[in-house]
Amino acid sequence: MSKTLIRGAKVLGGEPQDVLIDGGVVEAVGRDLSAEGAEVVEADGKVLLPGLVDLHTHLREPGREDSETVLTGTRAAASGGYTNVFAMANTFPVADTAGVVEQVWRLGQESGYCDVQPIGAVTVGLEGAKLAELGAMHESAAGVTVFSDDGKCVHDAVIMRRALEYVKAFNGVVAQHAQEPRLTEGAQMNEGVVSAELGLGGWPAVAEESVIARDVLLAEHVGSRVHICHLSTAGSVEIVRWAKSRGIDVTAEVTPHHLLLTDELVRSYNPVYKVNPPLRTERDVMALREALADGTIDIVATDHAPHPHEDKDCEWAAAAMGMVGLETALSVVQETMVDTGLLDWAGVADRMSFKPAKIGQATGHGRPVSAGEPANLTLVDAAYRGQVDPAGFASRSRNTPYEGRELPGRVTHTWLRGKATLVDGKLT
Amino acid sequence: MQRHLISAADLTRDDAVLILDTAEEMARVADRPIKKLPTLRGRTVVNLFFEDSTRTRISFEAAEKRLSADVINFTAKGSSVSKGESLKDTAQTLEAMGVDAVVIRHSASGAPYRLATSGWIDAAVVNAGDGTHQHPTQALLDAFTMRRRLVGRDAGLGKDLDGRRITLVGDILHSRVARSNVDLLHTLGAEVTLVAPPTLLPVGVETWPCEVSYDLDSTLPKSDAVMLLRVQRERMNAAFFPTEREYSRRYGLDGDRMAKMPDHAIVMHPGPMVRGMEITAEVADSDRCTVVEQVTNGVSIRMAVLYLLLGGNEPAVSHARPTEEK
Ligand SMILES: [Zn+2]
């Protein structure tokens, strides 16, 4: 493999340096490195980050290839600066056996754009009743380490307890979609002033918070670790903060859209804003930003949820829930966290690469940008500003809430083990 | 006036008074042997009902026919929120037929708003009730009924409901009628009080322009109108209140309670009434109860709305009067 010299990049936002890639690894990091025999990428002023890792992606294959495939999803991931994504289990069939997770894993290997680590379902068919073959999925070629019924909550306390206990045998983690099902029957948006006015079924914050409270206590009781998906309320932040202060082994994620958007947008009845968990209030958004900054929330995860146009171009109640996120995540994090001074680029690398790789045990990803490390890298033009144009998305679906919105930052290059997957904003 | 009528909250005080005044003109048509105006001749109005409501559909249809519009009834029963029978497809079919107005009833909150704003169709959209969101013509006919009874038929022209005290009782949480009425009555200067058990009041109701009470008896003596809302049977099993009997005891209107109201005060109900539980026969059949008038007034209000949306912004009188004198 040929050499690449990235010249003058601000590594993790620090002073400009050169980074030499050779044979899939970082050969050297320093000033005025020799460009001899290397292809040179001028990175003057741009920010170099470790390749991003998404612990929460929906790739839709198998079963909903009209929304996304592993190939289109990993191309979207590379466009957004990701080198590793964890694929959620709510496919058709559900990823609840070794066979299905191996299929997804192989498709990821073949794509060549981004490593894919399948997430295994916690329960058979996501039905919440019977544990899936967690051990077999872990031992399969896919090496599953993260288990989740995402899209649904593991709401039975006994099943949740057993899952937490069982995965201790191989240091797995259960990622919980916290949503008390009875409290969210008929729910279509955040319960509050806006839902009351619009006449849309309310989704109370307590439906999320009560499950998180229960699960951190269960994790403490059985001495296991638990990961909470897509925190969306200020109260959830308080519970996770309390649990951490108590020494409970809990990690948590927030999506980019919950850092930026509020339920006021639902006044448009435009289903691009329909998402699970729902967009909350300004107060929640501010609490989530603060929690991500102070480390209470460990990581940013996209919850990339592609849907075809016809599933969103309808009335609110009939529309599918979810938004695509891989290609806009970094821009939204820059807007809400970096440009506001809450987080520097080293902090972004921590929340979007180091920590998610650690939680998911993605060895080879989320590594420091230093000599000898795998060359999984992302180059960001942080000075860029432009309107989001979904027409240019690599994802098969375009259900973005940001169409036409101006956002900062643009990923210009992505390298997966030294091989460029994105060059000057174009997929290779 | 705006091009569509989606929410009572979209109406200014002057818009609302114009509609009420126009409805008075329209009401006179109903008193004539030939109950018809040529106003909307050659215009096509579609009644697009994704949810059953014979009462509302017939009311709109009567209004449309009295204005000489061509009427198409489109009922898409049972297809409300399922994929396949998409609102967008239907809208585009209607657009291709060149309809001038769509009266839409839908079980999904926001469906009329989407229809009016998504570029699927160019026609004027009238919301005939969407989910638990809005039912603006119902609020208008209620206000019309109140103005006639509390201010006066001719004395009311040009007037609003300034200072009148209106109490709404019952299932506020699931009621598009309550939402529409709170918005419109506030705009018209009335003081609104909502009375319900806490389980049937929406979260955030404290931000609405009204008072809230759990106690019916204390609000009755200071009410000029008491509007009872229907409590649907399916709420009974969903733990919103313990039993029908207990609900009736605390929030039902019977003769004893009605006696606590001022002499001039009226009792309203959007219908259909569940006699016994929310209202006793004694109250329903008393001459204070305006249920039948509300139905009659519904046609006049819907004529006024369609006329103003399709016939221009000027008061109906300029067109309606000469016709009337023929
Ligand atoms: Zn989820």
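Each residue, glycine too, has its Cβ placed from N, Cα and C.
According to TrEMBL, the feature carbamoyl phosphate binding site maps to B:ARG55, B:THR56, B:ARG105, B:HIS135, B:GLN138, B:GLY271, B:PRO272. Note on B:THR56 (carbamoyl phosphate binding site): other Cβ atoms within 10 Å of its Cβ, all shown chains, come to 22.
TrEMBL lists B:LYS83, B:ARG176, B:ARG230 with the feature L-aspartate binding site. Neighbours of B:ARG230 (L-aspartate binding site), defined as other CB atoms within 10 A of its CB across all chains, total 20.
Annotation comment: TrEMBL describes B:3-147 as domain 'Aspartate/ornithine carbamoyltransferase carbamoyl-P binding'. Mapped onto DSSP classes, the domain 'Aspartate/ornithine carbamoyltransferase carbamoyl-P binding' (B:3-147) shows 64 helix, 27 strand, 54 coil.
Mapped onto DSSP helix, strand and coil, the domain 'Aspartate/ornithine carbamoyltransferase Asp/Orn-binding' (B:163-309) counts 66 helix, 24 strand, 57 coil. The domain 'Aspartate/ornithine carbamoyltransferase Asp/Orn-binding' annotation in TrEMBL covers B:163-309.
Per-residue pLDDT, averaged across the domain 'Aspartate/ornithine carbamoyltransferase Asp/Orn-binding' (B:163-309), gives 93.
Chain A comes close to B:ARG176, taken from the binding-site residues B:ARG176, B:GLY271, B:PRO272 by a C-beta to C-beta distance under 8 angstroms. In terms of C-alpha distance, the listed binding-site residues B:ARG55, B:HIS135, B:GLY271 place B:HIS135 closest to B:ARG176 (L-aspartate binding site). Counting other Cβ atoms within 10 Å of each Cβ, the lowest count among the binding-site residues B:GLY271, B:PRO272 belongs to B:PRO272. Annotated pair B:GLY271 (carbamoyl phosphate binding site) and B:ARG230 (L-aspartate binding site), C-alpha to C-alpha distance, rounded: 7 Å. In sequence order, B:SER53, B:SER59, B:GLY129, B:PRO270 are the same-chain residues whose CB sits within 8 A of the CB centroid of B:ARG55, B:THR56, B:ARG105, B:HIS135, B:GLN138, B:GLY271, B:PRO272, the residues recorded for carbamoyl phosphate being left out.
The sparsest Cβ neighbourhood within 10 Å, among the listed binding-site residues (B:ARG55, B:ARG105, B:HIS135, B:ARG176), is found at B:ARG55.
Our reading of the carbamoyl phosphate binding annotation (B:ARG55, B:THR56, B:ARG105, B:HIS135, B:GLN138, B:GLY271, B:PRO272) yields a largest Cα to Cα distance of 17 angstrom.
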